[in-house]
Amino acid sequence: MSNSAKSVVILAAGKGTRMYSQLPKVLHKLAGKSMVQHVIDTAKSLGAQQTHLVYGHGGELMKETLGSQPVNWVLQAEQLGTGHAMQQAAPFFADDEDILMLYGDVPLITKETLERLIAVKPAGGIGLLTVILDNPMGYGRIVRENGDVVGIVEQKDASEEQLKIKEINTGILVANGGDLKRWLAKLDNNNAQKEYYITDIIALAHQEGRKIETAHPTRHSEMEGVNNRLQLAALERIYQTEQAERLLLEGVMLLDPARFDLRGTLTHGKDVVIDTNVIIEGEVTLGNNVEIGTGCVLKNCVIGDGSIISPYTVIEDANLAQECTVGPFARLRPGAQLADKAHVGNFVEMKKASLGVGSKAGHLTYLGDTEVGANVNIGAGTITCNYDGANKFKTIIGDDVFIGSDTQLVAPVCVANGATIGAGTTLTKDVNENELVISRVKQTHISGWKRPVKKKQ
């Protein structure tokens, strides 16, 4: 923010009755993050020195959910309008700082639009964010005289002539703290709703001869609020469309932009291809020439250059080096690490496990608390038995090891370089280099065996 605009107020006390939810309205998520968190993050991006969060309904849950956020919690015990909400925060305003007012249920407002608003605010006056709508129904109208803003009239209080005005108030404004405190003290509730409107300060400022300058958002969606789940879903689609368009323009190939969800941050290289119905959560990095198959979910992971993730794979808190292949239907859980050219096939699950250079776990395998060296083959049905019901134990497999199908490795256990484990083995002791270990039951042949025959009832 500019040197004079140091604090932000976020109004977030509403119950959200039309959401039909026990969750406070502003905690409902858009793109995997609560609406109010979007606004808090925008305030941070402006460099706000202090953020005042006005809360009411569901206060304990609000604090539990957002407790780690560096905000000043301001209680609005009764919801008596936006002006009343600002009155609760006013004691925290410094006279010589500018105050930017935002809303916890208007999540798509951008840093760029707010910087424009702050820039137009005149000394001693108000910067007001407005927008022109073909259908302004339901919004407060901007009243001008000779081009100057002189007031705002709410829909329910507007005259027939005022209802024809298409310039509407978004509710977002910036003003000096000392001026705000003076104007807020003069508000009354002499209106149809019997509420204290923050918009009434516009007329008060005009009466003092103060200038009100306006700015407009880059996109209309920036000023759209949420009162019900239908509106939230609509904003979700708008947000996802904007993210998809941005990624396409940056060179990411989304095979169907309408079927892609970004619920975090995606950092990408060149020639990345993402198929349909992929969900990105948290912080995800995709290297050059990465391919992501349909239906994959990627969360807080790094995928190296040239790696291919086949359909319906879930990767969370994992790191993949270059030219890895994973899936389809694989699951890499937190702590999974794949070295260059490692392969994880269908129905393989890894947790706190690493796979060395060129190693393969092709199918139907669980690797937990396991270190696997280079050029290892893990046969189908291999299980590392890492949990005894109380504690976890580690399995270590060296380089150039062959693990036969249907092997159970009962941790803690180590398999040294070059060892071979025969199919069907239950391994309970360490294996030396280049040893062959087989523990299956001796095969028995019985000639002329006759199967039992069911008795007829």
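A Cβ is built for glycine as well, from the same backbone N, Cα and C atoms used for every other residue.
If you look up Swiss-Prot, you'll see 1-229 marked as region 'Pyrophosphorylase', on the strength of sequence analysis.
Sequence-distant contacts (6 or more apart, same chain, Cβ under 8 Å) of R333 (UDP-N-acetyl-alpha-D-glucosamine binding site) comprise E316, D317, A318, E349, M350, K351, K352. Annotation comment: Swiss-Prot describes 11-14, K25, Q76, 81-82, 103-105, G140, E154, N169, N227, R333, K351, Y366, N377 as UDP-N-acetyl-alpha-D-glucosamine binding site, evidence class sequence analysis.
Residues or ranges marked as Mg(2+) binding site by Swiss-Prot on the basis of sequence analysis: D105, N227. A coil conformation is recorded for D105 (Mg(2+) binding site) in the three-state DSSP classification, outside any helix or strand. Residues within less than 8 Å, Cβ to Cβ, of D105 (Mg(2+) binding site) and separated from it by at least 6 positions along the same chain comprise A12, G14, G16, K25, V26, M35, V36, G225, V226, N227.
Under DSSP, residues within the region 'Linker' (230-250) fall into helix, strand and coil as 20 helix, 0 strand, 1 coil. Annotation comment: Swiss-Prot describes 230-250 as region 'Linker', evidence class sequence analysis.
Among the features that Swiss-Prot reports, region 'N-acetyltransferase' is placed at 251-457.
A simple way to gauge crowding: the CB of H363 (active site, proton acceptor) has 18 other CB atoms within 10 angstroms, across all the protein chains here. Feature annotation from Swiss-Prot assigns active site, proton acceptor to H363; the stated evidence is sequence analysis.
Look at Swiss-Prot and you will find A380, N386, Y387, S405, A423, R440 tagged as acetyl-CoA binding site, backed by sequence analysis. Around Y387 (acetyl-CoA binding site), the same-chain residues six or more apart in sequence whose CB sits under 8 Å from its CB are G368, F393, listed in sequence order. Under the three-state DSSP scheme, Y387 (acetyl-CoA binding site) falls in the strand class.
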Specify the nearest of the recorded positions H363, N386, R440 to N377 (UDP-N-acetyl-alpha-D-glucosamine binding site), where nearness means the distance between Cα atoms.
H363
By Cβ distance under 8 Å, which residues at least 6 away from the ends of the region 'Linker' (230-250) in the same chain are close to it?
19, 28, 30-31, 35, 107-108, 219, 221, 224, 257-258, 260-262, 266, 268
Would you report the average pLDDT that the model assigns to the region 'Pyrophosphorylase' (1-229)?
94
Which of L11, A380, A423, the listed binding-site residues, has fewest other Cβ atoms within 10 Å:
A423
Please list residues from the chain of N386 (acetyl-CoA binding site) whose Cβ is under 8 angstroms from its Cβ, counting only those at least six apart in sequence.
G368, D369, T370, K392, F393, K394, T395, A411
